[in-house]
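Taking it in order: structure first as structure tokens, then the write-up.
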């Protein structure tokens, strides 16, 4: 009796012989068959080795006596898939957080930004984006089956991108971010960066999969995107300017406000995905408590966040904030949030998607005004 492995190889090699390939071409195809079959079976044991296959594996048209070629269209499709794989809306949030934190720290110091500091800041932004890609990439790799129901437009779920290429992007992003941070920033920033990557990875990586517990999922997202991101960027900018880090009303407000906001995102992100989460027994607040309950919680929590900002603007000592900017901007954002909440139809998935998108839009708006408070 032939094993499954042997039968698979026998079937592939027989089909190659019948096509009339030369001996050299046959040996090449036989080696590729062995490697691909082995990696498909044992990739979970060595993700890094599996990711290296992304450059070696040729998804191209082969014929007798011809070399492998990749058309420009194939590269465009792959680059488009990598762009979708990075989840652009999260990249925008990370980018705005980096710019906002750097700008705030620079305005407080009143320093002229030199070319070297600007170059360092750009490297920091690149490291943050790479870390973002690392975290969302791991989540997509281990949630392919769930995403086929919840988010069929994602490249892995839609089969627009292969798993080896996804692993390659994830591994390179993680290594690249750590290397940049270790070379150009302090040891504290490096530790904070590695902590963010670790918590983000544990959110999806088995056997930990912190997302299995709704409270742990919310705490992880709030900690990484709410506290670590904002504190780390501000601290790194202060260090680059040669200034000692000190807690002040602005950074305290930013850390608290964005931590609560990240918790809102953690609660709302599962609202359109209840069907797939229930099918694959993924415990989320939306799946356990129901969509309507979580929607009410999200609306109340974000409205409370805006009320908190308005109250802080009223009671803060003179000079701590630009009071008029603080009150006017957050009052307008609160009104916009109330309007978006009234538009929501909880029994319509597309309406839930738009509701979640509006949360991110207000998130971007907050980062745009934070440096000027």
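Note: Cβ is positioned from N, Cα and C throughout, glycine not excepted.
According to TrEMBL, the feature transmembrane segment maps to 117-142 (among others).
Positions annotated as transmembrane segment by TrEMBL: 165-185 (among others).
As annotated by TrEMBL, transmembrane segment applies to 190-209 (among others).
What TrEMBL records for 215-237 (among others) is transmembrane segment.
Counting same-chain residues at least six beyond the ends of the transmembrane segment (249-268), those with a Cβ under 8 angstroms from any Cβ of the stretch are 97, 101, 104, 108, 217-218, 220-227, 229-231, 234, 285-286, 294, 297-298, 301-302, 304-305, 308-309, 312, 316-317, 320-321, 355-356, 359-360, 363, 366, 370, 373. According to TrEMBL, the feature transmembrane segment maps to 249-268 (among others).
The transmembrane segment annotation in TrEMBL covers 297-321 (among others).
Away from its own ends, the transmembrane segment (215-237) comes close to residues 93-94, 97-98, 100-102, 104-106, 121, 124, 128, 135, 185-186, 188-189, 192-193, 195-196, 199-200, 202-203, 245, 251, 254-255, 258-263, 265-267, 284-285 of its chain (Cβ-Cβ under 8 Å, at least six residues beyond either end). Sequence-remote contacts of a segment are chain residues at least 6 beyond its ends whose Cβ falls under 8 Å from one of its Cβ atoms, and for the transmembrane segment (297-321) they are 248-250, 253, 256-257, 260-261, 263-264, 267-268, 271, 285, 327, 330-331, 333-334, 337-338, 341, 359, 362, 373.
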